[in-house]
Amino acid sequence: MGAYHDDLHDAAEPDGRALRLGIGGPVGSGKTALVAALCRSLGPSLRLGVVTNDIYTTEDADFLRRAGVIDPERIQAVQTGCCPHTAIRDDIAANIDAVETLEERFGPLDLVIVESGGDNLTATFSRGLADRQIFVLDVSGGDKVPRKGGPGVTTADLLVINKTDLAPMVGADLTVMSRDAAAVREGRPVLFTSIREDRSAHMVAQWVTDMVDVWRHEHGVAHHHGLSAHGASTHGASTHGASARRVPEGVSLDDLSADGISIDGVIVDGISADGLSADGISVDGVAADGISAGGVSPERKEHEEHEEQPSRPVTAP
Amino acid sequence: MAGGGTRLETLRSDPPLTLRQTGPHRVHLVSTGAGPLRGDHLDLGVDVAPGTSLEVCSVAATLVLPGLAEAPSIMLVRARVGAGATLRFSPEPTVLAAGCSHHLVVRLSLAEDATVLWREEIVFGRHGERPGRCQARFDATVAGRPLLRQNLVVGEETVDGSPAVYGDARCVGSTLVAGPAWRPSPEDKRERRAVVGEGWAALPLAGPGVLVSALGADAVQLRRRLERGEDAAASHATG
Amino acid sequence: MDGMRGDPAALLLLADSRLPAGGHAHSGGVEEAVRLGTVTDVDDLARFLRGRLATAGLVTAALSAAACELAAGEPDLVGGPGSGGEAGERATAVAPGPHAPPARPYAADASWRTGVNGGPGAAAGVAAAEDVRRRLWRRLDDEADARTASPAQREAARTQGRLLLRTARRLWPSAALDTLARAIPEGPHHPIALGAAAASAGCEPQQAALAAAYTSVTGPATAAVRLLGLDPVTVHRLLADLAPALNDAAHAACASLMDTVLTEPVLTDTALIDGVPTDGAPMDTTLTGKTPADPALGDPALGDPALGGPAGIDTPPGDAGPPPGDAPGAARAEWRGGWAGLPGHSAPALDLLAEGHLANPMKLFVS
Ligand SMILES: Nc1nc2c(ncn2[C@@H]2O[C@H](COP(=O)(O)OP(=O)(O)OP(=O)(O)O)[C@@H](O)[C@H]2O)c(=O)[nH]1
Ligand SMILES: [Mg+2]
């Protein structure tokens, strides 16, 4: 069961190994849902492993195993002894062990996802454990959360604001969240999702795919033959070094920045996709009233419920 | 003296511990004097020849008493179980009367394919009595490799009443069941799972054996728990 | 502690609860005790910690001391300093320049305990010496197994040992840690890893024992603070009160290690280190008297030479077992004393707690 490498390489030695992606965020924001979504969309093209940091149960690991999105053997559960942030930040030994166990058993892998236990806004992953990290918030915590900042919100490589479908119910103003997040994140990307509606979290999957590509490029991980065409579309992806700065087609920078929202790096995904029209994102919808809290009108809500989700909500044709 | 039939070759004993053959494969330990008392030194040797089987029982509990000497009483049991032989050692409990000081040392050497059931029960004092002191050491080896090494200390302030050691139990007992039938399979990387009940557990060892460990409020409850664990241990057997 | 020559700063690092080696996720049985209601307040916790130290704490202290001694003595197995053996080379290779760990003050003193007669073929001798070292580590780890009846506890001990070993190999790279990792790939028992790490950090066995005793109570104490919301200062007071007992445990651990040298036979062959007769010698000889194959027949528990010979057993004359192989190039190890006599103080309640904890899916701690 042990992950033991008969060499003296640093555990953090990145060359030739999988990208380690940390997914953190407060309790119940949708981390596990996102992991499941990523497994769904990336599983066909990437060799995956998953580590969960359950706080009190093995619920997350069990959920993922039951969801059938990944070979149950490829999920390792780590117990965190009351302190989920300790396990991903101050003392990452158990998580490293779990990651290496997966790599040893199933390697080479392309991507190992580490889901942290739900914690507070200050919890971030150690760079010794995660090469990239996603911080997941949800709208039900209130639209003031991004403004409050905290290392997770400000420094994560990608901020995901999930459960946009609940925005009308909880009176969260997505425009405000988007603007506040952009203000504290200095250009790092933000994605809005509703994993309930887009069970593959396509835009996040896209971002992750790009990260894996960059990682492979930089650290020489062998490509898995025949699988380098990614399940999630790489369409329109442009990566600059380690961080993706993409604006979906159909969104005009000018339009958005006119509104005072710094769009640089803000990627909008899954915002009530049908409301945003077939050609991707209706700029008006974003900038004007489309996603403001009260803005998703009851009629639109109804409208949403009657229409099928487009399978690729945002990526332009 | 190998072979199918068991023959008790030697049976030597002196009071206060007397050996009596009570069946073709059975010997009873009979206490013919008080004690052991402080200063007493008792040796018991058991040698089970290859391919034979033996059962050792006792008629009554051993009551360890204080006596006048300063030195502790010592009970040393050495047992060797030869290839293919079987030993069942299940004497009645040892009761630590107030003021006693007792050392109990067991050396159990098993041949590679010997089988044993070895039960030990220690009662912390007679009814309503604080126990005297006892240090027990148990060493079991299989073909020279360590199988189980344990010390038990009773009557020390550090361990008495500690929720980590005996909790509020008044007696402690264990049964070692060992032999080729309990050998862990070499391809089994993971530890075998214990069976746990109220106040007892059947603990598969790293080597070829299971230790049933139990705590009890009294000797009767302890025995019941041990027997339950022994049944569970029997079900761990593969052979 | 007077007479302690090892590196005290290294000891602090090793015993610090912030050492990133996964210890924070283990409650040492406290979580289950809290769940069952046998630890509910500071007084219960005080009794819990005292009992844990007197049992599991003492055992881990002794095993850590033994591991520290074994690790410190390791280079001597290839013929002592300057022999140019693999261990020496590797030690320089991984710890070059100013960052080299300080010379181990203890290492020189451990040489009396081991010795190897290197054969003519140097390369074969190096390989054989590595083989001997691995066997010794496995043998010590077997002794830890024999003192840990509960499979849940063995699993927890190996998990912690594996994590500590990984961390220690990055902090204090050494040939001993590498050998240990190769000898027991699934992860050694925690005290074994701790002792080896201690030696690599420049500590001596008594310091290793002290670190082991200390961590055997600090982990559970911290867990209790979190689980019961106890006043952390009150709980630390408990630890402060335990300080003399911690020193005593470290002393006792080292004393027991000395006893094994005095009372146990010399192991002169790798097969005997493993406890396995090599040549199909009749099992009887390995079960007899004070042969190296059964050091248990020494008197581990009480160190009382007055305990006489077996009653009713005809003890055949001691047969030292098969003669050690003297193939060309084969190293021959001589390890004075096994570890049979080290303390094995068991805590039945801890065993039951560990198994109950493992069986319960609702938990915050690994163990
Ligand atoms: N309405 C809505 N619910 C969602 C969405 N995503 C996840 N959920 C639900 O939110 C709840 C929590 O989701 P999880 O994925 O378990 O959240 P988590 O962050 O992993 O939670 P912890 O691991 O306990 O911290 C579940 O009931 C999900 O079904 C979403 O986009 N919209
Ligand atoms: Mg989760």
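Positions of Cβ are set from backbone N, Cα and C atoms, glycine also.
Where the annotation comes from TrEMBL, it is an automatic prediction and has not been curated.
According to TrEMBL, the GTP binding site annotation covers A:Gly25, A:Pro26, A:Val27, A:Gly28, A:Ser29, A:Gly30, A:Lys31, A:Thr32. Less than 8 angstroms from the CB of A:Lys31 (GTP binding site) sit A:Ile23, A:Gly24, A:Gly25, A:Asp60, A:Glu115, A:Ser116, A:Gly118, A:Val136, each of them six or more residues away in the same chain.
Feature annotation from TrEMBL assigns compositional bias 'Basic and acidic residues' to A:298-310.
Taken from TrEMBL, the feature domain 'CobW/HypB/UreG nucleotide-binding' applies to A:21-191.
Residues or ranges marked as region 'Disordered' by TrEMBL: A:225-244 (among others).
The region 'Disordered' annotation in TrEMBL covers A:289-317 (among others).
Contact annotation for binding-site residues (A:Gly25, A:Val27, A:Ser29, A:Gly30, A:Thr32) versus ligand 2: A:Thr32, each with CB under 6 Å from a ligand atom. Sequence-distant neighbours of A:Gly28 (GTP binding site) (same chain, six or more apart, CB under 8 Å from its CB) are A:Gly118, A:Asp138, listed in sequence order. Taking the binding-site residues A:Gly25, A:Pro26 in turn, the residue surrounded by the fewest other Cβ atoms inside 10 Å of its Cβ turns out to be A:Pro26. Residues within less than 8 Å, Cβ to Cβ, of A:Thr32 (GTP binding site) and separated from it by at least 6 positions along the same chain comprise A:Thr52, A:Asp60, A:Phe63, A:Leu64, A:Glu115. In the three-state DSSP assignment, the secondary structure recorded for A:Pro26 (GTP binding site) is coil.
Sequence-distant contacts of A:Gly30 (GTP binding site), defined as residues of its own chain at least six apart whose C-beta falls under 8 angstroms from its C-beta, comprise A:Val136, A:Asp138, A:Val160, A:Asn162, A:Lys163, A:Thr193, A:Ile195. One way to see the shell of the GTP site is to take the Cβ centroid of A:Gly25, A:Pro26, A:Val27, A:Gly28, A:Ser29, A:Gly30, A:Lys31, A:Thr32; the remaining same-chain residues with a Cβ within 8 Å of it are A:Gly118, A:Val136, A:Asp138, A:Asn162. On its own chain, A:Ser29 (GTP binding site) has A:Gly118, A:Val136, A:Leu137, A:Asp138, A:Gly141, A:Asn162, A:Lys163 as residues at least 6 apart in sequence with a Cβ closer than 8 Å to its own Cβ.
DSSP assigns A:Lys31 (GTP binding site) to a helix in the three-state reduction.
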